[in-house]
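Notes follow once the structure below has been shown.
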Amino acid sequence: MDHFIYRNGTLHAEDVPLTEIAATVGTPFYCYSAATLTRHYQLFKQALDPLPNMVCFAIKSLSNVAVLKLLGDLGAGMDVVSIGEYLRAKAAGVPGDRIVFSGVGKTRAEMRLALEGGIRQFNLESEPEMRALSEVAASMGLRAPVTVRVNPDVDAKTHEKIATGKSENKFGIPIARAREVYAEIARLPGLEIVGIDVHIGSQLTELDPFGQAFDKVADLTAALRADGHTIRRLDLGGGLGIPYTRSNEAPPLPLDYGALIKEKLGHLGCEIEIEPGRLISGNSGVLVSQVIYVKHGEGRDFLILDAAMNDLVRPAMYGAHHDIVAVAEPAPATPTQPFDIVGPICETGDTFAKARDLPLLAEGDLVAFRSAGAYGAVMANEYNSRPLVPEVLVRDDHFAVIRERPSYDDMLSRDKLPSWL
Ligand code: LLP
């Protein structure tokens, strides 16, 4: 459920017509709903209740500091994968003991900064990394709290570019080697084992792969405890999928996911940590764009938008589907026709949708890409020298620009001419 609904003939974000935002900030822009973000976070909290738990928002899905503050103020923890994300969490007022550091390539400099600023735990992904962290922490007179991300070799049944739990993926340590790795960690001076971590992929639309991974984590918990380790926390990663179309089968709900966690792991007496990104942010955001031209091609018509693949790369990169709707509500029974919906970038891949049925639109009309809150703005870039799209946050009947559109001067001022040119 989200809070982008038609009212009085116009698509609204909560109580604000998207047309009003477009008139103020121009297009394209990302728009997020505070109520939807809040609701999705709370669904996870309710789903895990009464287990001791922490819901750590995966910042990579939507990293604007205002959004992080909104979630952090509700009590959310944060899952970060770089010191840049760590600093965003800190800038949003989230204390270090609610920040989890994930990722396969943490550098020593990043480890040091996170240890200085305070950290809940590092999720380790390789032996060289754990030795490096031990050295860094020991040199600071500290023991870094750690889990090991185990790779359970489970098929997440999702897009190959976002599946992470198969043995051929670069992530984690093969679960079969976990006991040996934990034994080495226990001998390292700068590390303190606090639990186990697992994350098998993103946009999972079935619970079964989670169930398989959780069974393996339960067995491993028993084995590691028998080896004498303290396993008090289980980080189960993120990955629960969202509906990207109105018509498709609904993925499992957070409540079902929570029930599965309780069934498989509830008896272990561990604190449960999860790292959802997309389910919290995905349907909390839309990308609003304007039609520049309607072009009649051979056997097809193109809607040329002012948004492009640099602003929302998911269709070009993963062949992802986003519902695209007219901001002005079409009257019932308005005829539709198929359009290829494209951006202005000089690449054929700059195509958002092919033969998508829409009512006849004209130059200047607004459209909204639904489900664009996750992996939208964060993956944007300036290809074709197109400045990054601004972000707007709506709460009830008011909105704020939470990231400004850079001016062309801002963009150009980052390039420097060497003295010898
Ligand atoms: N935890 C870890 C360790 C992860 O690698 C990820 C996502 C998450 C949590 C959050 O997963 P979520 O709940 O959002 O599924 N750019 C791609 C998605 C990449 C996901 C990467 N890792 C897309 O646009 O679909």
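Glycine is no exception: its Cβ is also placed from the backbone N, Cα and C atoms.
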TrEMBL pyridoxal 5'-phosphate site partner of GLU275, PRO276, GLY277, ARG278, TYR375, selected from GLY239, GLY343, GLY349: GLY239
C-alpha spacing of ARG278 (pyridoxal 5'-phosphate binding site) relative to GLU347 (substrate binding site), in angstrom: 28
Under 8 Å by Cβ from TYR375 (pyridoxal 5'-phosphate binding site), same chain, sequence gap 6 or more: LYS60, SER61, GLY277, ARG278, GLY282, ARG314
Substrate binding residues ARG278, ARG314, TYR318, GLU347, TYR375: largest Cα-Cα distance, in Å and rounded to whole number: 28
Among GLU275, GLU347 [binding-site residues], residue with fewest other Cβ within 10 Å: GLU347
Tertiary neighbours of PRO276 (pyridoxal 5'-phosphate binding site) (same chain, Cβ under 8 Å, six or more apart): PHE44, VAL55, PHE57, ALA58, GLY238, GLY239, LEU240, PRO254
Rounded Cα separation (Å) that holds between TYR318 (substrate binding site) and CYS346 (active site, proton donor): 19
